[in-house]
Amino acid sequence: MICDENGIHDALLGRAIWLAKSNDARITLVDVVEAAPGELASLYGALPGNVAQDIELEVLAFHRSRLAQIGAPIKSEGIETSEVVLQGIAFIEIIRKVLRDQHDLVIKGAAGEGDGGPLFFASTDLHILRKCPCPVWIMKKSSQTQYARILAAVDPEPMDEQRSALDALVMDLATSLSAAERSELHVVNVWRLQGENSLRHSAFTRVPKETVEKMTEEKRRQSERKLKSLLFDYPETGGRRQVHLLKGEARQVIPEFAAGKKVELIVMGTVGRTGIRGLFVGNTAEAILNQVDCSVLAVKPPGFKTPVRLEPECDQGASSGKLLRAKGG
């Protein structure tokens, strides 16, 4: 759990405790001093004696004390908890910590949120969302103890193994959380016929209206079949799941749908391509993130390789997010 000054709040602590209890998991509290070891001392090197070194030690001691205070109520719940103060560039050191210790989840408070507007993702948030190999849960400060409505954003394509694996992970996590919290689960797939507007309105094409209508309907049916195929492995129980096949641009439709349904958590994939280093959040995913006003659980596909490096080399692959499969879920 990332305990930066702006992102720590009661909802974050409550969620971390719930997850740890549900999964017999450990919690590592992390704060980052954004200066390399020795850098703070060098800034005050002109001071006499050991004052410069003492200043750096005092800064680190302050951060350790703060983490100990945050961890006290967690430990009182019987949860194994450790505190770590890292030094360096925040997102790099956080991801290196994930790689070294093979953490299943990074959970962090949103850097800020407006009155009814989208969450504010700070630079560190976006870097972690782009590059962290394990699932990343960015939590809104006003989150409830339990989520009433969860949205799973999927894009089924059976012929694409990586996309299928990513959709399966989204569904695994969303259905597990929904079952554990007795939440409504809205499974959303957004489809469109590529180039439909050009076919209908371009002065340079002469495609009959009936042909365009037929092509559009066939695309809808294809999307419906793919969605049903994905959901076959996730049988409905309890009557709390709703499936939505929506036409349009995902970057516009998903934020509008989430706002209209008062969704409290979106579970979604965030990477457009895999298999190479230096991966990035897909354009559609980032556009959605910049518009939503709810918590986000972002996952990577199997095969994701983070560009953040460790010395010596270690496994840089994506974690499955197994921590989130709550007992009884």
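Cβ atoms here come from the backbone N, Cα and C positions, even for glycine.
Here's what TrEMBL has on this protein:
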DOMAIN    10-140  domain 'UspA'
DOMAIN    147-300  domain 'UspA'
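Along the domain 'UspA' (10-140), the predicted structure has mean pLDDT 85. As a summary of secondary structure, the domain 'UspA' (10-140) carries 65 helix, 26 strand, 40 coil according to DSSP.
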